[in-house]
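Engineer: My questions all concern the structure below.
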Amino acid sequence: MSSVSEVNVDIKDFLMSINLEQYLLHFHESGFTTVKDCAAINDSLLQKIGISPTGHRRRILKQLQIILSKMQDIPIYANVHKTKKNDDPSKDYHVPSSDQNICIELSNSGSVQTSSPPQLETVRKNLEDSDASVERSQYPQSDDKLSPPKRDFPTAEEPHLNLGSLNDSLFGSDNIKIESLITKKTVDHTVEEQQTEKVKLITENLSKLPNADSECLSFVGCSTSGTNSGNGTNGLLEGSPPSPFFKFQGEMIVNDLYVPSSPILAPVRSRSKLVSRPSRSFLLRHRPVPEIPGSTKGVSGSYFRERRNVATSTEKSVAWQNSNEENSSSIFPYGETFLFQRLENSKKRSIKNEFLTQGEALKGEAATATNSFIIKSSIYDNRKEKISEDKVEDIWIPREDKNNFLIDTASESEYSTVEECFQSLRRKNSKASKSRTQKALILDSVNRHSYPLSSTSGNADSSAVSSQAISPYACFYGASAKKVKSGWLDKLSPQGKRMFQKRWVKFDGLSISYYNNEKEMYSKGIIPLSAISTVRVQGDNKFEVVTTQRTFVFRVEKEEERNDWISILLNALKSQSLTSQSQAVVTPEKCGYLELRGYKAKIFTVLSGNSVWLCKNEQDFKSGLGITIIPMNVANVKQVDRTVKQSFEIITPYRSFSFTAETEKEKQDWIEAVQQSIAETLSDYEVAEKIWFNESNRSCADCKAPDPDWASINLCVVICKKCAGQHRSLGPKDSKVRSLKMDASIWSNELIELFIVIGNKRANDFWAGNLQKDEELHMDSPVEKRKNFITQKYKEGKFRKTLLASLTKEELNKALCAAVVKPDVLETMALLFSGADVMCATGDPVHSTPYLLAKKAGQSLQMEFLYHNKFSDFPQHDIHSEGVLSQESSQSTFLCDFLYQAPSAASKLSSEKKLLEETNKKWCVLEGGFLSYYENDKSTTPNGTININEVICLAIHKEDFYLNTGPIFIFEIYLPSERVFLFGAETSQAQRKWTEAIAKHFVPLFAENLTEADYDLIGQLFYKDCHALDQWRKGWFAMDKSSLHFCLQMQEVQGDRMHLRRLQELTISTMVQNGEKLDVLLLVEKGRTLYIHGHTKLDFTVWHTAIEKAAGTDGNALQDQQLSKNDVPIIVNSCIAFVTQYGLGCKYIYQKNGDPLHISELLESFKKDARSFKLRAGKHQLEDVTAVLKSFLSDIDDALLTKELYPYWISALDTQDDKERIKKYGAFIRSLPGVNRATLAAIIEHLYRVQKCSEINHMNAHNLALVFSSCLFQTKGQTSEEVNVIEDLINNYVEIFEVKEDQVKQMDIENSFITKWKDTQVSQAGDLLIEVYVERKEPDCSIIIRISPVMEAEELTNDILAIKNIIPTKGDIWATFEVIENEELERPLHYKENVLEQVLRWSSLAEPGSAYLVVKRFLTADTIKHCSDRSTLGSIKEGILKIKEEPSKILSGNKFQDRYFVLRDGFLFLYKDVKSSKHDKMFSLSSMKFYRGVKKKMKPPTSWGLTAYSEKHHWHLCCDSSRTQTEWMTSIFIAQHEYDIWPPAGKERKRSITKNPKIGGLPLIPIQHEGNATLARKNIESARAELERLRLSEKCDKESVDSSLKERASMVAHCLEHKDDKLRNRPRKHRSFNCLEDTEPEAPLGQPKGHKGLKTLRKTEDRNSKATLDSDHKLPSRVIEELNVVLQRSRTLPKELQDEQILK
């Protein structure tokens, strides 16, 4: 075939020839229609057009390289000579000489084409001319193309391939051996056009051997020979039969070269029916010794083995051999092999099962490149026998690439044939470029060349060649082995101090690599020979290896050793220069910079072919310099769970390489690329290609996916990877899944032939004979559907043919015994999978099983099928009697199978790990209500027996546990004797089968509906309910996900259930019964109460754990949350209730942000157990609770309003009529799921309530909609349409949800009660008396003032200044300061800071009585202004301060230490020193308080300090001067409040809203009625006792005082709401207030006036001692005591005044 015709092949035919026709559309879309168009295609271009699998790209590039190479050179042809056995054993055999050799090749249509190469060297001058002519075929001839003749070849539909009949059909009565040897020569195009030659086929007929089973066909190829006197092309075979085989017809030519030298040999060969040929020893003794070629190089056999292992599609030629003769290589007229194998190795080679077709015979890559459909039905044997290395292969070799072949290993000089030389060339050139080792790609390696003998003397033309005579015993001598050398050398380091370092250096003929020691497998550096410019001597026993990038300097101990190294390297360079070729350019699959553990800088990593190269940088890679190579054939890749998420490891037996990518995507790309390379390295396409010979095997038997590469070897179906995963779930007994590409050892010749004979089409005729069109499985079907389909198809036999259903078991067995002795395997398969017993009795005492019958009959395929189904047990199936069978099976259950069984656990459950370790496989039998387990299936005595009627609980574990043998599916059996039996099945189906059978035995009939549920737990419990709380009864319960099904005795209802996520209460308690403690579980759901307890502690623990888990939160879906009785998640109900109680009067409540840490803690608490978690005022902040509600609504799996309805909600806004729009909203809400509908109603009701109080909280419907629109719709941003929808829902809540009028009125009443405390009377009732000092703490400078719960520091400051009649000047700034710790620490309060909240926090101080407030001038105001002005310019405060921590966490020791501080962006950073780049600590200024000063007990080194307070830690800082202290304090103050440090200029001064801030006016707190004297007296005594305790311990009760202000205010409000109007409006003032109002600040302490007032008060109390007041009219004493603890401090006030304050 001409090269032009090959490259013009249509791309479709080309892709079909390599089994990649699925990419036809990709090529057409990219403009590639013929092979010629693909001349410039490369790997990256293939990726761009959409071919992603690396193996497919390699295959395409490989075949394109082979075809396109013929555009540059004309192919080299070969002469083939064979001998034929004549009827007359004494007849001479001879081979005539041929001036021209004819090569037979495949054309596009599958025909054979001949070409006439130039005349080659004459073999012998005087050879007899043969008068015999080629027997001509009757096929027509067309265009000089030769097609193989037709032959009836068994197709996939035929039941069996009979080797004997096949032999006859191919070659008539004689077995024919055809061997070919193709010798390649370079040919001139002009000579080729001028010469034509007749084709003569020389064959060799062998008579039948005695044992046919030990023989195989070896159809290797056709050899051509002829004379000049032929008739041109008339002798060509004609026609285009479809079969790949053709029957050779022609007369054999005898060559006297092979006439036996002794007449004694003839009879021997006649008896053995062998071709007579000289012995090997004779040939060796008489061979001429030719001249040794000057520059030839040998090829080692190890390389051939490596190529054979790596090749993805093997096409081997197997020579016909005789088992009675030693395995000698064929002797050809143009060459001879002198590398013989040992006799014993030859005898080991078995050719019993080899069945070769033309696909094995024509070994030319041209046959693959063109569209010849080569039927690859040859079966190869994977037994561990050595394959001969004299296999002959054909190749087209371009002239410029003749020498460009890579040799991986060096060997000693050897003899070889010319043909073996070309065999090595073929293997080198035909291998895909990506299959070469990357080392050879990057290195411009020294190539080992094999030259034909005709070219050893130079570049001779064809005429010169033809004039030379070639000896029939010409030998090829391989070149001497490459010099390799290794040893210890000193290498000069390239960087740093440039010191010599000892390295183990190796030179392997291709590159220099150096290691830390001789045991390491991975080098520290590689210097390829191609990168070396020269090697030169340097003084002191040193030599240099010079490359373009750098010069490597090595030093040795002796000069002789240095000279040896230099000599070896220079010789290698010289050899390279003589044979150098252009470097192969291959685009790497993946390259880039990665971090490699152990290296500081990033490493340039390259993945190409089956290796990963590590280089220092990209330039080194381009130059060929590298660090090391990681071969993929021994590697594995996995992700690494470290702090760096982008890490992965390549693991080899010798070392693990840990890489880190920059992004997660890059890491995944690398892992995927490496995994693909590993898979391609280990894959072998040979088995797949042979099995795909049957066209039906090219699509998955289950889902029709193309090119399936997995198979179930016992079911005889070829399946895809997705279906293979589901086949494994059936268990190895029902489906044995194996890979076509990687499980090579399992694929024997018989097994491959079995798959070819049956095929997916014929297999599906049985398995899917009743499959309907709508029940078919598709490629993209989900996993669950795929699993169900495969289970129904193979396990249940739902779709299989039922033609044999009428047969009984005995009849099926008889039919099976009759079928196995015939070649029809399909019949055997149908019988076996229809219920026949594979181990049934045959009636033959010797051949007692069907397998032995098949062996007796010599049916190897039947034997193979029965062998892989020896454990199969497919039940007899009848669709029509299915109901009857199931009914009978329910009444009498019998099961037997191997199960994993663990020893029974007594008194308590063993650990899971221990149970799994003690698990052993047992033969289990369930029969007659007893479960017995045996040591094995042959044992007669059981190891144990379980009475199923005694079972009280059966637990099923849906998760699979893993043993060394694989996953197992566990179920547990509990007995009243506190024994637990654990069993494990290999599949989930087997687990369900056993548990259903066991449950039917111990669950009574009235509760059998429980067994219909998909339960995880089923059994018997004792219960009590509201119908009978006096005694315990027995009931049957089953757990199904989150539902508890139960059937209770004494109830007419057959069954009921509890929704466990709706439980209002789930608690466990202990009671005593009959002297024993009993654990009882209480379940309350919507008014139904159920008490349960178990028979034993073990089974109760199982039930309690399962119920508690099912009742908890399971996922982020709304329906998976713990629900209230109204189907509203408990977390939503709790947040709504808390905000309603404490937040209706809070301004902008839903627009405030909470603390992220507190929010996450609350969410986690609710998720853990929302039912038992309670929100508490004081402990949980309002802002955190509102944020939790918004976060929950935003994070659920689907939006509350559902994303599916989103367009409908938005489109409703187009309706202008309000009533119509409201109707649409109602319709949308009714279409929501039940939980969504109930939750939405609760949310909108709450928002409606909040907006009703918008005058107080400023949260109208629009503001609420702005907040909640993104939460309810779960959109990233806010749109006006979403806001309008939510606003509509809030405003029209009553109409949309059809709320009744009385419910609306009730809501208004509740709102009024909740918000009433915000009125003037309520607000004043919550005021407290506080002593505030002016400028200094002196008795005459104090003022007792009323502090309201909402008073800010600015109000307090202005009120004090007004009382004192102080008018600040223009430059003065007054502020309120907080002074604590005995006046050692003070800080200014921000003008917006709440005063009362700060005062209440004093309770946490060590000495709360020493704290007070003082109003004075802000002396550092000028400094603050100055700092503020400088700060606007972007300055950052920094400096060295001395710090001490309390308690010590960061700092070591208990002394002040120098640290470097930086104040920036609202944070204070602490560094170890000025040079540190990473901070040790970061302080958030917003969460801390900074005081001026340091406590003396800290022993500060200076008197200028600052103290920082957080919730749990204190930090003490010391400055070196007062100015530094002031600068730091002011800078921190400014940073804390973001420059908003005083009220804006020109703004009206803010004053208190009360009538008179000084004592007087309305009551400060509720006054006790005179009639309640007894209670008041008790309160006074209690307060005095508390005061005494305070004075003794100087500590207050932190827990009671730490309550929030709003909780106390709400209590005060509650008291006032129920107070009688008459009493509340009484204008009379308490005498104590009159006393206080008249008291001047200057009055001396201890004045008798106070005593008089106190006496008057006591008289009034005595006078009204009998009067009583309703409890709702008094303030709880607890509140008085708590507030009093804060107010009572060590201050000098009259005792009478203190008593009066206590009373208040």
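Just so you know, glycine gets a Cβ as well, placed from its N, Cα and C.
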Engineer: Of the ranges 700-723, 820-843, which one does Swiss-Prot flag as zinc finger?
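Structural biologist: Matching range for zinc finger: 700-723.
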Engineer: Report, as numbers and ranges, every residue of the chain located at least six residues beyond the zinc finger (700-723) whose Cβ falls under 8 Å of a Cβ in that stretch; write 'none' if there are none.
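Structural biologist: That would be 19, 22, 688, 691-692, 734-741, 746, 751, 754-755, 758, 760, 763-764, 767, 777-779, 781, 783, 786, 789-790, 793-794, 829, 833, 865, 868-869, 872.
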Engineer: Tell me the Cβ neighbour count for Gln1151 (site 'Arginine finger'), meaning other Cβ atoms within 10 Å of its Cβ, over all protein chains shown.
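Structural biologist: Here the count is 15.
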Engineer: I'd like to know if the domain 'Rho-GAP' (1116-1297) touches the domain 'SAM' (6-70) in this structure, counting it as a touch only when three or more C-beta pairs sit under 8 Å and are separated by 6 or more positions.
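Structural biologist: As far as Cβ distances go (cut-off 8 Å, pairs 6 or more apart), the domain 'SAM' (6-70) and the domain 'Rho-GAP' (1116-1297) do not touch.
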Engineer: Given the domain 'Ras-associating' (1326-1420), which of the listed stretches 482-574, 587-679, 1014-1114, 1116-1297, 1434-1537 has the most Cβ pairs that are under 8 Å apart from it?
Structural biologist: 1434-1537
Engineer: Summarise the domain 'SAM' (6-70) as counts of helix, strand and coil residues per DSSP.
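Structural biologist: The domain 'SAM' (6-70) comes out at 44 helix, 2 strand, 19 coil.
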Engineer: For the domain 'PH 2' (587-679), jot down how many residues DSSP puts in helix, in strand and in coil.
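Structural biologist: Tallied per class, the domain 'PH 2' (587-679) gives 25 helix, 37 strand, 31 coil.
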Engineer: If you run the three-state DSSP split on Gln1151 (site 'Arginine finger'), which class comes out?
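Structural biologist: For Gln1151 (site 'Arginine finger') - judged by DSSP and reduced to three states - the answer is helix.
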